[in-house]
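Look at TrEMBL and you will find 177, 178, 179 tagged as NADP(+) binding site. Taken from TrEMBL, the feature domain 'Tetrahydrofolate dehydrogenase/cyclohydrolase catalytic' covers 17-131. Annotation source TrEMBL lists domain 'Tetrahydrofolate dehydrogenase/cyclohydrolase NAD(P)-binding' at 151-292.
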Ligand SMILES: Nc1nc2c(c(=O)[nH]1)N[C@@H](CN(C=O)c1ccc(C(=O)N[C@@H](CCC(=O)O)C(=O)O)cc1)CN2
Ligand SMILES: [Mg+2]
């Protein structure tokens, strides 16, 4: 209910944009693509590089490999000790770049502090860049070159908007967060679809006011429930990229979900929203990279 004194201002509940359901649809499409490639003699393969013993990374990589198995993609993992040198990592990437059985390469982040993450990501061949993090692919996205891998999280958000029949054209969109892997590519993708895009970040003055103007809110700051429900414009679409583990073990997003859901026309849950789409889009990138090796 939007009011306290009757049915005058009844606000319908928002559409819950179900990432798990959309991810299942994407995976079924990928499985078809993998099958078609197999018929042409191409066995799609993804290699994941994991460094050290970060427990979350171990879980994510296990999940990615399970996803691969489900859609018929062959996956390999190189698990290196936290003490690995930069030179050793670069040598492994050079080897994978040269291996024709490897269509996609992914280096699970974060890397240990002594490794230069940028140098490692830059060493992955742009033609095998399953995450879409290579500067060539980032540049291609920003100037609109089609057919290159795109960062999985924002690509997943775009697919969710499409499935929810939300056309960004002409809408005011705000992306909160300016990371290279989510915020910046997210803004580029919304701009490509003709949204009027604002990028907000930790130095933004009056974040509440900026959010209140937006028809589409994408929260990717990594701070539990920073975006308050009463900042949300009535009828806005809310996409929560955040995944924050509270002291009690509960996982919450960057948006105050229950309060935002009272105002939004559509909203993504956490968990079960953007996260599953990030995983699904990795498979899309991988099969697309394999397809591009066809003569
Ligand atoms: N090389 C990369 N490293 C990292 C990426 C990335 O895209 N590429 N993103 C994150 C981690 N990540 C994938 O790697 C990832 C994390 C979580 C989920 C997810 O599905 N989350 C679930 C909830 C899981 C839970 O309960 O803990 C959800 O939202 O429903 C997907 C992908 C950092 N590193
Ligand atoms: Mg989620």
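In case you wondered, yes, glycine gets a Cβ from its N, Cα and C as well.
Model confidence over the domain 'Tetrahydrofolate dehydrogenase/cyclohydrolase catalytic' (17-131) stands at 98, taken as the mean pLDDT rounded to a whole number.
Sequence-distant contacts of residue 178 (NADP(+) binding site), defined as residues of its own chain at least six apart whose C-beta falls under 8 angstroms from its C-beta, comprise 184, 199, 201. Summary for the binding-site residues 177, 179: the Cβ-based neighbour count within 10 Å is maximal at 177.
Other residues of the same chain near the NADP(+) site, with their Cβ within 8 Å of the Cβ centroid of 177, 178, 179, are 175, 176, 180, 182, 183, 184, 199, 201, 220, 221.
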